[in-house]
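Written below as structure tokens is the structure these notes are about.
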Amino acid sequence: MKNTFNTSNVFASAYSFWGSFIGFILSTSNRLYIGWFGILMFPLLVLATVAYIAAFIFAPPVDIDGIREPVAGALLYGNNIISGAVIPSSNAIGVHFYPVWEALGFDEWLYNGGTYQFVVLHFIFGAGAYMGREWEFSFRLGMRPWIFVAFSAPLVAASAVFIVYPIGQGSFSDGMPLGISGTFNFMLVFQAEHNILMHPFHILGVAAVFGGSLFSAMHGSLVTSSLLAETAGDLSLNIGYNFGQEDETYSISAAHGYFGRLIFQYASFNNSRSLHFFLAAWPVIGIWFTSLGVSTMAFNLNGLNFNQSIIDSSGHLINSWADIVNRADLGMEVMHERNAHNFPLDLA
């Protein structure tokens, strides 16, 4: 008699579990949609958040410049919410991938700023998974895919300052510190070394942010001011609105007529779809351009900068605003990495 083992029940159980798991992951009825990208997103963002909070509070000083002069960024080392930061990885590490097992010990890993790479890489991949999850959820619901396209703007902006710029400059120590004052320091140093304020791509980004804020405020105020009254005068207008109602809740023709007469006729949209596409496209495209500008400057490709001095036919300098900006940049460069070199490369 042969010894036999019936595997059908085992396979059926496995398939049943796997089917239930897939059904739960891909269900659009859950209070929080998970999706395939969510399996990657949730642990990555949790790890990045926990590591960031722990480093912001407890991390020891980091030898950011690679000259054995560590800089403290944690709250327990005397910083406050404004001055605290997760300090970028040491210049001695460069752009090498630096997980904890590459160091001789945990203390050395902390001293060389390994937490910065840990937080940044987990965050970028987690945010990328979030963008993929937006596409996946839209696909499941039969929606058009423009939500994840819009989110690509902040994602590429973060990738530019946290990944592309350090790679282009040859060291993660040139990445943006993860803190408030560290962000401002990064901006000043970036201006000193690249004069980004004079770059047209950065100007497009400024127009995107301030223009987007203006358009958002204009749109919100116009809609709120042209709500259709469905209630008596002594009741709130909000009571007359039912979630999911098919009838429009505000008069776009009234808003269009008001704004067209306030500015001029063609400054106002009479098509709701065109209006909302414009509100989405304006800031997204501008942030794309800014990210492209940062990414090109990462490799010192500054050819689009309008910072050249003006010289007359005799070779004499004609003082201009570009010279004032260049002089200010040199002043900021002198303050940067003050112990790593005596003079900035521009003056050496």
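Including glycine, each Cβ sits where the backbone N, Cα and C put it.
What Swiss-Prot records for the quinone site is Ser268, Phe269, and among His219, His316 the residue it adds there is His219.
As a quick check, the transmembrane segment (146-160) and the transmembrane segment (278-292) clear the bar of 3 or more Cβ pairs under 8 A, pairs 6 or more apart, so the two touch. Across the annotated binding residues for quinone (His219, Ser268, Phe269), the two most widely spaced Cα atoms sit 10 Å apart. Shown are the recorded positions Tyr130, Tyr165, Phe269; the one with the most C-beta atoms within 10 angstroms of its own C-beta is Tyr165. In sequence order, Met218, Leu222, Ala255, His256, Phe259, Leu275, Phe278 are the same-chain residues whose CB sits within 8 A of the CB centroid of His219, Ser268, Phe269, the residues recorded for quinone being left out.
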